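Structure first, commentary second.
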Amino acid sequence: MLTRRIIACLDVTNGRVVKGVQFLDLMDAGDPAELAARHAASGADEIVLLDITATHEGRGTLLETVRKTAQRLFIPFTVGGGIRTADDAAAVFDAGADKISINSAALTRPELIEEIGSKFGAQAVVVAIDARRNATGAEVFASGGRKPTGRDAVAWAREAEQRGAGEILLTSMDADGTRDGFDCELTAAVSSAVQIPVIASGGAGTPQHFADVFLRGKADAALAASIFHFGVADARSLKAELAAQSIPMRLPC
């Protein structure tokens with residue numbers, strides 16, 4: 001088994017980190033740069049910052065927030081939200097991001113994946129998929145989980161890979177913020193359908209939840225927000241517990 005990654009997520013609106021349950025009832029969690037630095041120091045392998053209202057509000061990414069956060073980091077930094085063109089991606093990279101995440105814009109115009117990948121490399125392109133379970137599998141939602149698309153999550157992940165995505169960030173909308181565990185079945189379905197890394201998101205609450213999504217869900221990385229922001233767990237202790245279960249981790253010194 002390859003080394004698995006623990007990723008801390010910052011959902012940002014109006015320049016502040018927020019966290020809710022199933023994309024609703026958002027609570028303030030703090031300053032993005034401060035939280036990113038804290039999570040990095042505690043052993044997170046990567047930071048993901050998602051400007052969760054940029055698409056819905058029809059604006060670009062909060063570049064100053066990205067810049068201030070990037071200045072505090074020494075680990076890979078992914079930024080998403082409001083990226084609609086290769087030029088938008090370039091501005092986010094210039095602000096300090098190592099990778100960009102695209103979601104709604106890729107659903108509207110899938111060739112955007114190829115455009116950004118050809119310019120910056122597939123390794124820099126993460127396609128984010130927000131999915132909610134239905135009778136036949138899981139449906140992809142756009143615009144921060146507000147708009148159903150009719151697309152099947154597994155089929156869209158396959159297409160994203162074919163178009164040149166370097167990673168998939170899969171969020172279970174049903175599990176998001178619940179701390180009841182990742183959707184291992186959905187994660188395994190997507191992981192088995194593609195060859196690129198899949199990041200599982202939504203539902204982290206205990207170390208065992210991470211172990212389950214790595215072992216049963218076949219995830220390459222697991223992302224969490226509220227358990228890190230509100231002090232339920234930190235990456236260092238989490239990694240130690242996972243390593244004790246023979247799950248390969250990059251352990252902090």
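Backbone N, Cα and C define each Cβ position, glycine as well.
For reference, Swiss-Prot has these:
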{"type": "ACT_SITE", "residues": "Asp11", "note": "active site"}
{"type": "ACT_SITE", "residues": "Asp130", "note": "active site"}
Asp130 (active site) and Asp11 (active site), Cα-Cα, nearest whole angstrom: 14
DSSP state at Asp11 (active site), helix/strand/coil: strand
